Amino acid sequence: MEGTSLRNRREDEKSVQSIQSKEPKTTTLQKEVGLLSGICIIVGTIIGSGIFISPKSVLSNTGTVGPCLIIWAACGVLATLGALCFAELGTMITKSGGEYPYLMEAFGPIPAYLFSWTSLFVIKPTSFAIICLSFSEYVCAPFYSGCSPPQAVVKCLAAAAILLITTVNSLSVRLGSYVQNVFTGAKLVIVAIIIISGLVLLAQGNTRNFENSFEGTKLSVGAISLAFYNGLWAYDGWNQLNYITEELRNPFRNLPLAIIIGIPLVTGCYILMNISYFTVMTPTELLQSQAVAVTFGDRVLYPASWVVPLFVAFSTIGAANGTCFTAGRLVYVAGREGHMLKVLSYISVRRLTPAPAIIFYGIIATIYIIPGDINSLVNYFSFAAWLFYGLTILGLVVMRFTRKDLERPIKVPIFIPILVTLISIFLVLAPIISEPALEYLYCVLFMLSGLIFYFLFVHYKFGWAQKI
(Lines of atoms letter the chains of each structure in order from A and count residues from 1; the text may use other names and numbers.)
(Lines give C-alpha, C1' and ligand atoms only; values in the text may rest on other atoms or scores of the structure.)
Protein backbone atom coordinates (compact mmCIF):
# COMPACT_ATOMS: atom_id res chain seq x y z
CA MET A 1 0.00 0.00 0.00
CA GLU A 2 2.84 2.36 0.91
CA GLY A 3 4.58 1.57 -2.40
CA THR A 4 1.40 2.25 -4.34
CA SER A 5 0.84 5.51 -2.43
CA LEU A 6 4.42 6.65 -3.06
CA ARG A 7 4.12 5.80 -6.76
CA ASN A 8 0.85 7.75 -7.04
CA ARG A 9 2.41 10.75 -5.25
CA ARG A 10 5.35 10.79 -7.67
CA GLU A 11 2.99 10.59 -10.64
CA ASP A 12 0.99 13.52 -9.23
CA GLU A 13 4.19 15.58 -8.78
CA LYS A 14 5.25 14.79 -12.36
CA SER A 15 1.85 15.85 -13.68
CA VAL A 16 2.01 19.14 -11.70
CA GLN A 17 5.52 19.81 -13.04
CA SER A 18 4.32 19.03 -16.55
CA ILE A 19 1.45 21.50 -16.21
CA GLN A 20 3.77 24.16 -14.80
CA SER A 21 6.24 23.68 -17.64
CA LYS A 22 3.47 24.28 -20.16
CA GLU A 23 2.45 27.58 -18.51
CA PRO A 24 3.68 30.65 -20.42
CA LYS A 25 6.77 32.26 -18.92
CA THR A 26 6.69 35.99 -18.47
CA THR A 27 9.47 38.24 -19.68
CA THR A 28 10.37 41.06 -17.30
CA LEU A 29 12.93 43.83 -17.10
CA GLN A 30 16.10 42.74 -15.30
CA LYS A 31 17.85 44.49 -12.38
CA GLU A 32 20.99 45.51 -14.28
CA VAL A 33 21.59 49.04 -12.89
CA GLY A 34 23.77 49.46 -9.80
CA LEU A 35 24.68 52.51 -7.67
CA LEU A 36 27.52 53.69 -9.92
CA SER A 37 25.38 53.37 -13.06
CA GLY A 38 22.55 55.15 -11.24
CA ILE A 39 24.82 58.10 -10.36
CA CYS A 40 26.11 58.14 -13.93
CA ILE A 41 22.54 58.21 -15.29
CA ILE A 42 21.68 61.21 -13.07
CA VAL A 43 24.93 63.11 -13.72
CA GLY A 44 25.07 62.04 -17.38
CA THR A 45 21.48 63.02 -18.08
CA ILE A 46 21.63 66.38 -16.26
CA ILE A 47 24.99 67.55 -17.64
CA GLY A 48 24.20 67.78 -21.31
CA SER A 49 23.69 70.79 -23.51
CA GLY A 50 22.14 72.97 -20.78
CA ILE A 51 25.27 74.25 -19.05
CA PHE A 52 26.71 75.25 -22.44
CA ILE A 53 23.54 77.04 -23.60
CA SER A 54 21.68 78.33 -20.51
CA PRO A 55 24.34 80.68 -18.99
CA LYS A 56 23.47 83.33 -21.59
CA SER A 57 19.73 83.05 -20.96
CA VAL A 58 20.04 83.10 -17.17
CA LEU A 59 22.34 86.14 -17.27
CA SER A 60 20.09 87.99 -19.74
CA ASN A 61 17.17 87.67 -17.30
CA THR A 62 19.13 88.52 -14.12
CA GLY A 63 21.34 91.23 -15.66
CA THR A 64 24.29 90.95 -13.26
CA VAL A 65 26.74 88.33 -12.02
CA GLY A 66 25.60 88.03 -8.39
CA PRO A 67 21.92 87.17 -9.01
CA CYS A 68 22.98 84.90 -11.89
CA LEU A 69 25.10 82.72 -9.57
CA ILE A 70 22.33 82.72 -6.94
CA ILE A 71 19.83 81.47 -9.53
CA TRP A 72 22.18 78.60 -10.49
CA ALA A 73 22.56 77.60 -6.83
CA ALA A 74 18.79 77.93 -6.18
CA CYS A 75 18.00 75.73 -9.18
CA GLY A 76 20.32 73.06 -7.77
CA VAL A 77 18.62 73.23 -4.36
CA LEU A 78 15.18 72.97 -5.99
CA ALA A 79 16.27 70.00 -8.11
CA THR A 80 17.66 68.25 -4.99
CA LEU A 81 14.46 68.84 -2.98
CA GLY A 82 12.34 67.62 -5.88
CA ALA A 83 14.52 64.53 -6.29
CA LEU A 84 14.23 63.73 -2.55
CA CYS A 85 10.44 63.84 -2.89
CA PHE A 86 10.75 61.50 -5.86
CA ALA A 87 13.01 59.23 -3.78
CA GLU A 88 10.15 58.74 -1.30
CA LEU A 89 7.73 58.10 -4.16
CA GLY A 90 10.16 55.72 -5.88
CA THR A 91 10.76 53.58 -2.79
CA MET A 92 7.07 53.66 -1.82
CA ILE A 93 5.81 52.72 -5.30
CA THR A 94 8.56 50.58 -6.86
CA LYS A 95 7.38 50.73 -10.45
CA SER A 96 9.19 52.12 -13.48
CA GLY A 97 7.71 55.02 -15.41
CA GLY A 98 8.57 58.01 -13.22
CA GLU A 99 5.56 60.24 -12.53
CA TYR A 100 3.10 57.90 -14.25
CA PRO A 101 2.59 55.26 -11.49
CA TYR A 102 2.70 57.96 -8.78
CA LEU A 103 -0.09 59.98 -10.42
CA MET A 104 -2.04 56.76 -10.94
CA GLU A 105 -1.80 55.91 -7.24
CA ALA A 106 -2.53 59.45 -5.98
CA PHE A 107 -5.19 60.77 -8.36
CA GLY A 108 -6.36 57.87 -10.53
CA PRO A 109 -6.07 57.06 -14.23
CA ILE A 110 -7.01 60.38 -15.86
CA PRO A 111 -4.08 62.54 -14.59
CA ALA A 112 -1.75 59.57 -15.13
CA TYR A 113 -2.99 59.18 -18.69
CA LEU A 114 -2.65 62.91 -19.40
CA PHE A 115 0.92 62.76 -18.10
CA SER A 116 1.80 59.79 -20.30
CA TRP A 117 0.08 61.49 -23.26
CA THR A 118 1.94 64.78 -22.69
CA SER A 119 5.25 63.07 -21.97
CA LEU A 120 4.98 60.80 -24.98
CA PHE A 121 4.21 63.60 -27.43
CA VAL A 122 5.68 66.76 -25.79
CA ILE A 123 8.01 66.50 -22.78
CA LYS A 124 10.32 63.60 -23.59
CA PRO A 125 10.63 63.89 -27.39
CA THR A 126 11.17 67.67 -27.24
CA SER A 127 13.94 67.15 -24.67
CA PHE A 128 15.52 64.45 -26.84
CA ALA A 129 15.22 66.65 -29.95
CA ILE A 130 16.71 69.73 -28.22
CA ILE A 131 19.73 67.78 -26.97
CA CYS A 132 20.37 66.13 -30.35
CA LEU A 133 20.03 69.45 -32.17
CA SER A 134 22.53 70.99 -29.74
CA PHE A 135 24.89 68.07 -30.32
CA SER A 136 24.57 68.49 -34.07
CA GLU A 137 25.29 72.24 -33.95
CA TYR A 138 28.46 71.76 -31.89
CA VAL A 139 29.68 68.98 -34.22
CA CYS A 140 28.96 71.03 -37.36
CA ALA A 141 30.45 74.30 -36.07
CA PRO A 142 34.18 73.46 -36.69
CA PHE A 143 33.39 72.57 -40.32
CA TYR A 144 31.66 75.91 -40.99
CA SER A 145 34.05 78.37 -39.39
CA GLY A 146 32.84 81.95 -39.56
CA CYS A 147 29.27 81.11 -40.58
CA SER A 148 26.26 79.17 -39.38
CA PRO A 149 26.02 75.56 -40.61
CA PRO A 150 23.13 74.79 -43.00
CA GLN A 151 19.98 73.75 -41.17
CA ALA A 152 19.57 70.69 -43.42
CA VAL A 153 22.99 69.39 -42.32
CA VAL A 154 22.26 70.10 -38.64
CA LYS A 155 18.90 68.33 -38.75
CA CYS A 156 20.16 65.32 -40.69
CA LEU A 157 23.01 64.82 -38.22
CA ALA A 158 20.57 65.18 -35.30
CA ALA A 159 18.29 62.56 -36.87
CA ALA A 160 21.29 60.24 -37.31
CA ALA A 161 22.16 60.72 -33.62
CA ILE A 162 18.60 59.78 -32.62
CA LEU A 163 18.75 56.67 -34.83
CA LEU A 164 22.08 55.59 -33.32
CA ILE A 165 21.01 56.13 -29.70
CA THR A 166 17.65 54.42 -30.26
CA THR A 167 19.39 51.40 -31.79
CA VAL A 168 21.90 51.10 -28.93
CA ASN A 169 19.20 51.21 -26.24
CA SER A 170 16.98 48.76 -28.13
CA LEU A 171 19.78 46.20 -28.37
CA SER A 172 20.88 45.92 -24.75
CA VAL A 173 20.37 47.43 -21.29
CA ARG A 174 24.02 46.77 -20.46
CA LEU A 175 25.19 48.36 -23.71
CA GLY A 176 23.07 51.45 -22.98
CA SER A 177 24.49 51.65 -19.44
CA TYR A 178 28.04 51.17 -20.74
CA VAL A 179 27.63 53.95 -23.31
CA GLN A 180 26.19 56.17 -20.56
CA ASN A 181 29.14 55.51 -18.25
CA VAL A 182 31.72 56.20 -21.00
CA PHE A 183 30.17 59.51 -22.11
CA THR A 184 29.64 60.59 -18.49
CA GLY A 185 33.37 60.15 -17.97
CA ALA A 186 34.07 62.16 -21.14
CA LYS A 187 31.82 65.05 -20.14
CA LEU A 188 33.34 65.19 -16.66
CA VAL A 189 36.71 65.71 -18.38
CA ILE A 190 35.56 68.90 -20.14
CA VAL A 191 33.79 70.07 -16.96
CA ALA A 192 37.03 69.53 -15.02
CA ILE A 193 39.09 71.38 -17.68
CA ILE A 194 36.80 74.45 -17.53
CA ILE A 195 36.61 74.46 -13.71
CA ILE A 196 40.36 73.99 -13.15
CA SER A 197 41.23 76.63 -15.77
CA GLY A 198 38.81 79.07 -14.14
CA LEU A 199 40.14 78.45 -10.63
CA VAL A 200 43.72 79.01 -11.85
CA LEU A 201 42.71 82.32 -13.47
CA LEU A 202 40.80 83.27 -10.30
CA ALA A 203 43.90 82.55 -8.18
CA GLN A 204 45.92 84.77 -10.55
CA GLY A 205 43.68 87.71 -9.67
CA ASN A 206 41.07 87.73 -12.45
CA THR A 207 38.28 88.88 -10.12
CA ARG A 208 37.24 92.18 -11.72
CA ASN A 209 33.90 90.77 -12.97
CA PHE A 210 32.93 89.75 -9.41
CA GLU A 211 33.40 93.24 -7.95
CA ASN A 212 30.11 95.03 -7.27
CA SER A 213 28.36 91.96 -8.70
CA PHE A 214 24.90 93.14 -7.55
CA GLU A 215 25.21 96.72 -8.76
CA GLY A 216 22.51 97.77 -11.22
CA THR A 217 20.36 94.68 -10.63
CA LYS A 218 16.76 95.17 -11.80
CA LEU A 219 14.68 92.05 -11.29
CA SER A 220 11.00 91.39 -11.89
CA VAL A 221 8.82 88.37 -11.14
CA GLY A 222 8.71 87.48 -14.83
CA ALA A 223 12.47 87.79 -15.23
CA ILE A 224 13.12 85.58 -12.20
CA SER A 225 10.74 82.91 -13.46
CA LEU A 226 12.31 82.91 -16.94
CA ALA A 227 15.79 82.73 -15.39
CA PHE A 228 14.62 79.70 -13.38
CA TYR A 229 13.16 78.15 -16.55
CA ASN A 230 16.51 78.32 -18.31
CA GLY A 231 18.50 77.28 -15.25
CA LEU A 232 16.21 74.35 -14.51
CA TRP A 233 16.47 73.25 -18.15
CA ALA A 234 20.18 72.69 -17.46
CA TYR A 235 19.24 70.64 -14.36
CA ASP A 236 16.54 68.62 -16.10
CA GLY A 237 17.10 64.93 -15.55
CA TRP A 238 17.06 65.04 -11.74
CA ASN A 239 14.12 62.63 -11.73
CA GLN A 240 15.32 60.25 -14.46
CA LEU A 241 16.34 57.39 -12.15
CA ASN A 242 12.69 56.95 -11.09
CA TYR A 243 11.89 55.83 -14.63
CA ILE A 244 13.94 52.65 -14.20
CA THR A 245 13.18 51.71 -10.57
CA GLU A 246 12.34 48.13 -11.60
CA GLU A 247 15.83 47.76 -13.12
CA LEU A 248 17.70 49.25 -10.14
CA ARG A 249 19.48 46.90 -7.78
CA ASN A 250 18.44 47.46 -4.14
CA PRO A 251 16.36 50.58 -4.95
CA PHE A 252 15.65 51.38 -1.27
CA ARG A 253 19.38 52.08 -0.80
CA ASN A 254 20.67 52.98 -4.26
CA LEU A 255 17.91 55.40 -5.36
CA PRO A 256 18.33 57.97 -2.54
CA LEU A 257 22.12 57.51 -2.49
CA ALA A 258 22.40 58.19 -6.22
CA ILE A 259 20.27 61.35 -5.78
CA ILE A 260 22.18 62.64 -2.72
CA ILE A 261 25.53 62.10 -4.45
CA GLY A 262 24.63 62.99 -8.05
CA ILE A 263 22.64 66.25 -7.88
CA PRO A 264 24.84 68.18 -5.39
CA LEU A 265 27.83 67.11 -7.52
CA VAL A 266 26.17 68.65 -10.58
CA THR A 267 25.21 71.82 -8.64
CA GLY A 268 28.81 72.38 -7.54
CA CYS A 269 30.05 71.84 -11.08
CA TYR A 270 27.53 74.31 -12.54
CA ILE A 271 28.37 77.10 -10.08
CA LEU A 272 32.13 76.63 -10.59
CA MET A 273 31.70 76.56 -14.39
CA ASN A 274 29.80 79.85 -14.32
CA ILE A 275 32.49 81.37 -12.11
CA SER A 276 35.06 80.16 -14.66
CA TYR A 277 33.14 81.82 -17.50
CA PHE A 278 33.13 85.14 -15.63
CA THR A 279 36.89 85.02 -15.01
CA VAL A 280 37.53 85.54 -18.75
CA MET A 281 34.33 87.27 -19.95
CA THR A 282 32.44 90.32 -18.79
CA PRO A 283 28.63 89.98 -18.63
CA THR A 284 28.39 91.90 -21.92
CA GLU A 285 30.92 89.63 -23.63
CA LEU A 286 29.16 86.52 -22.36
CA LEU A 287 25.81 87.75 -23.71
CA GLN A 288 27.40 88.45 -27.11
CA SER A 289 29.08 85.02 -27.31
CA GLN A 290 27.58 82.57 -29.80
CA ALA A 291 28.82 79.58 -27.75
CA VAL A 292 29.99 80.35 -24.21
CA ALA A 293 32.16 77.25 -23.75
CA VAL A 294 33.81 77.69 -27.15
CA THR A 295 34.61 81.35 -26.40
CA PHE A 296 36.10 80.27 -23.07
CA GLY A 297 38.21 77.63 -24.85
CA ASP A 298 39.43 80.10 -27.46
CA ARG A 299 40.65 82.53 -24.78
CA VAL A 300 42.12 80.05 -22.29
CA LEU A 301 43.05 76.91 -24.25
CA TYR A 302 44.00 78.56 -27.52
CA PRO A 303 46.45 75.88 -28.82
CA ALA A 304 44.00 73.12 -27.86
CA SER A 305 40.70 74.99 -28.21
CA TRP A 306 39.39 72.19 -30.47
CA VAL A 307 39.02 70.06 -27.32
CA VAL A 308 36.02 72.09 -26.14
CA PRO A 309 33.54 71.50 -29.02
CA LEU A 310 34.63 67.84 -29.17
CA PHE A 311 33.92 67.15 -25.51
CA VAL A 312 30.75 69.27 -25.54
CA ALA A 313 29.54 66.96 -28.32
CA PHE A 314 30.36 63.97 -26.09
CA SER A 315 28.44 65.63 -23.25
CA THR A 316 25.31 66.22 -25.30
CA ILE A 317 25.28 62.73 -26.87
CA GLY A 318 25.64 61.23 -23.39
CA ALA A 319 22.68 63.25 -22.13
CA ALA A 320 20.62 62.17 -25.14
CA ASN A 321 21.48 58.52 -24.43
CA GLY A 322 20.40 58.85 -20.79
CA THR A 323 17.14 60.53 -21.82
CA CYS A 324 16.36 57.76 -24.33
CA PHE A 325 17.30 55.03 -21.83
CA THR A 326 14.80 56.29 -19.23
CA ALA A 327 12.00 57.72 -21.44
CA GLY A 328 11.50 54.42 -23.26
CA ARG A 329 10.43 52.94 -19.91
CA LEU A 330 7.62 55.50 -19.54
CA VAL A 331 6.12 54.46 -22.87
CA TYR A 332 6.56 50.79 -21.87
CA VAL A 333 4.71 51.24 -18.53
CA ALA A 334 1.88 53.22 -20.16
CA GLY A 335 1.46 50.43 -22.73
CA ARG A 336 1.50 47.81 -19.96
CA GLU A 337 -1.31 49.66 -18.13
CA GLY A 338 -3.42 49.77 -21.33
CA HIS A 339 -3.05 53.55 -21.75
CA MET A 340 -1.06 53.25 -24.97
CA LEU A 341 -0.87 50.71 -27.79
CA LYS A 342 -0.33 47.23 -26.35
CA VAL A 343 2.62 46.61 -28.66
CA LEU A 344 4.49 49.35 -26.76
CA SER A 345 4.44 47.16 -23.62
CA TYR A 346 6.29 44.29 -25.32
CA ILE A 347 9.79 43.36 -24.21
CA SER A 348 12.29 41.78 -26.56
CA VAL A 349 12.66 38.15 -25.45
CA ARG A 350 16.28 37.97 -26.59
CA ARG A 351 17.41 41.47 -25.62
CA LEU A 352 15.19 42.05 -22.53
CA THR A 353 14.65 45.68 -23.54
CA PRO A 354 11.38 47.59 -24.21
CA ALA A 355 12.45 47.90 -27.86
CA PRO A 356 9.04 48.87 -29.39
CA ALA A 357 8.62 51.69 -26.85
CA ILE A 358 12.15 53.02 -27.47
CA ILE A 359 11.72 52.90 -31.27
CA PHE A 360 8.37 54.69 -31.08
CA TYR A 361 9.93 57.36 -28.86
CA GLY A 362 12.77 57.84 -31.35
CA ILE A 363 10.31 58.31 -34.21
CA ILE A 364 8.38 61.06 -32.35
CA ALA A 365 11.65 62.85 -31.46
CA THR A 366 12.74 62.76 -35.11
CA ILE A 367 9.47 64.44 -36.14
CA TYR A 368 10.20 67.31 -33.70
CA ILE A 369 13.53 67.94 -35.42
CA ILE A 370 11.79 68.96 -38.67
CA PRO A 371 10.52 72.37 -37.40
CA GLY A 372 13.46 72.38 -34.95
CA ASP A 373 13.44 75.75 -33.14
CA ILE A 374 15.38 75.19 -29.88
CA ASN A 375 14.09 78.26 -28.00
CA SER A 376 10.41 77.54 -28.57
CA LEU A 377 10.97 73.86 -27.75
CA VAL A 378 12.61 74.78 -24.42
CA ASN A 379 9.65 77.00 -23.39
CA TYR A 380 7.16 74.36 -24.52
CA PHE A 381 9.05 71.70 -22.58
CA SER A 382 9.55 73.68 -19.34
CA PHE A 383 5.92 74.72 -18.99
CA ALA A 384 4.56 71.19 -19.45
CA ALA A 385 7.28 69.53 -17.35
CA TRP A 386 6.87 71.70 -14.26
CA LEU A 387 3.11 71.45 -14.42
CA PHE A 388 3.38 67.68 -13.93
CA TYR A 389 6.34 67.85 -11.53
CA GLY A 390 4.20 69.99 -9.23
CA LEU A 391 1.16 67.74 -9.62
CA THR A 392 3.23 64.64 -8.83
CA ILE A 393 4.77 66.11 -5.69
CA LEU A 394 1.32 67.34 -4.64
CA GLY A 395 0.31 63.66 -4.97
CA LEU A 396 2.98 62.81 -2.40
CA VAL A 397 1.33 65.22 0.07
CA VAL A 398 -2.12 63.78 -0.71
CA MET A 399 -0.96 60.18 -0.19
CA ARG A 400 0.41 61.05 3.25
CA PHE A 401 -3.28 61.24 4.25
CA THR A 402 -5.05 58.89 1.82
CA ARG A 403 -2.50 56.04 1.64
CA LYS A 404 -1.09 55.76 5.15
CA ASP A 405 -0.89 51.97 4.68
CA LEU A 406 1.91 52.19 2.10
CA GLU A 407 5.39 51.37 3.38
CA ARG A 408 7.78 54.33 3.17
CA PRO A 409 11.44 53.28 3.46
CA ILE A 410 12.31 56.96 2.88
CA LYS A 411 10.12 59.71 4.37
CA VAL A 412 11.00 63.36 3.75
CA PRO A 413 9.67 66.13 6.05
CA ILE A 414 6.24 67.24 4.87
CA PHE A 415 7.32 70.88 4.39
CA ILE A 416 9.66 69.85 1.53
CA PRO A 417 6.95 68.57 -0.89
CA ILE A 418 4.69 71.49 0.09
CA LEU A 419 7.49 73.99 -0.69
CA VAL A 420 8.33 72.33 -4.02
CA THR A 421 4.64 72.28 -4.99
CA LEU A 422 4.30 76.02 -4.30
CA ILE A 423 7.46 76.79 -6.31
CA SER A 424 6.11 74.68 -9.19
CA ILE A 425 2.87 76.69 -9.18
CA PHE A 426 4.95 79.90 -9.33
CA LEU A 427 7.06 78.58 -12.21
CA VAL A 428 3.98 77.58 -14.21
CA LEU A 429 1.93 80.76 -13.63
CA ALA A 430 4.58 83.52 -13.48
CA PRO A 431 5.62 83.46 -17.20
CA ILE A 432 1.97 83.39 -18.29
CA ILE A 433 1.06 86.38 -16.08
CA SER A 434 4.17 88.46 -16.86
CA GLU A 435 4.52 87.65 -20.57
CA PRO A 436 1.45 85.88 -21.98
CA ALA A 437 2.19 83.81 -25.09
CA LEU A 438 0.04 81.62 -27.31
CA GLU A 439 2.45 78.67 -27.02
CA TYR A 440 1.31 78.14 -23.40
CA LEU A 441 -2.34 78.03 -24.52
CA TYR A 442 -1.49 75.58 -27.31
CA CYS A 443 0.34 73.38 -24.80
CA VAL A 444 -2.67 73.29 -22.43
CA LEU A 445 -5.09 72.55 -25.28
CA PHE A 446 -2.88 69.72 -26.53
CA MET A 447 -2.69 68.20 -23.05
CA LEU A 448 -6.48 68.36 -22.63
CA SER A 449 -6.98 66.82 -26.09
CA GLY A 450 -5.64 63.60 -24.59
CA LEU A 451 -8.99 63.24 -22.80
CA ILE A 452 -10.65 62.50 -26.15
CA PHE A 453 -8.38 59.51 -26.72
CA TYR A 454 -8.68 58.42 -23.08
CA PHE A 455 -12.47 58.14 -23.18
CA LEU A 456 -12.57 56.57 -26.66
CA PHE A 457 -9.81 53.99 -26.29
CA VAL A 458 -9.30 53.44 -22.54
CA HIS A 459 -12.38 54.27 -20.47
CA TYR A 460 -15.37 53.30 -22.63
CA LYS A 461 -13.49 51.13 -25.12
CA PHE A 462 -15.95 51.67 -27.96
CA GLY A 463 -15.85 48.83 -30.48
CA TRP A 464 -15.19 51.04 -33.51
CA ALA A 465 -12.41 52.88 -31.60
CA GLN A 466 -10.77 49.60 -30.62
CA LYS A 467 -10.77 48.47 -34.27
CA ILE A 468 -8.90 51.67 -35.18
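Every residue, even glycine, has its Cβ placed from backbone N, Cα and C.
Since we're looking at a predicted model, the values are computed, not measured.
The feature region 'Disordered' is assigned by TrEMBL to 1-23.
Annotated transmembrane segment per TrEMBL: 33-54 (among others), in sequence order. Residues 79, 130-131, 134-135, 138, 173, 177, 180-181, 183-184, 187-188, 191, 230-231, 233-238, 240-241, 244, 247-249, 253-255, 257-259, 261-263, 265-266, 269-270, 273, 291-293, 312, 315-316, 318-323, 325-326, 374 of the same chain sit 6 or more residues outside the transmembrane segment (33-54) yet have a Cβ under 8 Å from a Cβ within it.
With a cut-off of 8 Å between Cβ atoms, the residues of this chain six or more beyond the transmembrane segment (69-90) that come close are 46, 58, 62, 98, 102, 213, 224, 227-228, 231-232, 234-235, 238-239, 241-242, 245, 251, 255-256, 259, 263-264, 266-267, 270-271, 274-275, 389, 392-393, 395-396, 408, 410-412, 416-417, 419-420, 423. Residues or ranges marked as transmembrane segment by TrEMBL: 69-90 (among others).
For 152-171 (among others), the entry in TrEMBL reads transmembrane segment.
Annotated transmembrane segment per TrEMBL: 183-203 (among others), in sequence order. Note on the transmembrane segment (183-203): residues 40, 43-44, 47-48, 51, 269, 272-273, 275-277, 279-280, 293, 296, 300-301, 307-308, 311-312, 314-315, 317-319, 321 of its chain, located 6 or more positions outside it, place their CB under 8 angstroms from a CB of the stretch.
The transmembrane segment feature in TrEMBL is assigned to 257-280 (among others).
The annotation transmembrane segment is assigned in TrEMBL to 306-332 (among others).
The transmembrane segment annotation in TrEMBL covers 352-371 (among others).
If you look at the transmembrane segment (383-402), the same-chain residues 6 or more away from its ends with a CB under 8 A from one of its CBs are 82, 85-86, 88-89, 92, 99, 102-103, 105-107, 111, 115, 118-119, 122-123, 232, 236, 239, 414, 417-418, 420-421, 423-425, 427-428, 431, 439-440, 443, 447. The transmembrane segment annotation in TrEMBL covers 383-402 (among others).
Nonlocal intrachain contacts for the transmembrane segment (414-433), taken as residues 6+ away from its ends with a CB within less than 8 angstroms of a stretch CB, comprise 78, 81-82, 84-85, 221-222, 224-226, 228-229, 232, 379, 382-383, 386-387, 389-390, 393-394, 396-397, 400, 440. If you look up TrEMBL, you'll see 414-433 (among others) marked as transmembrane segment.
Same-chain residues lying 6 or more positions outside the transmembrane segment (439-458) and placing a CB less than 8 Å from one of its CB atoms are 109-110, 113-114, 117-118, 121-122, 338-339, 376, 379-380, 383-384, 387, 431-432, 465-466. Taken from TrEMBL, the feature transmembrane segment covers 439-458 (among others).
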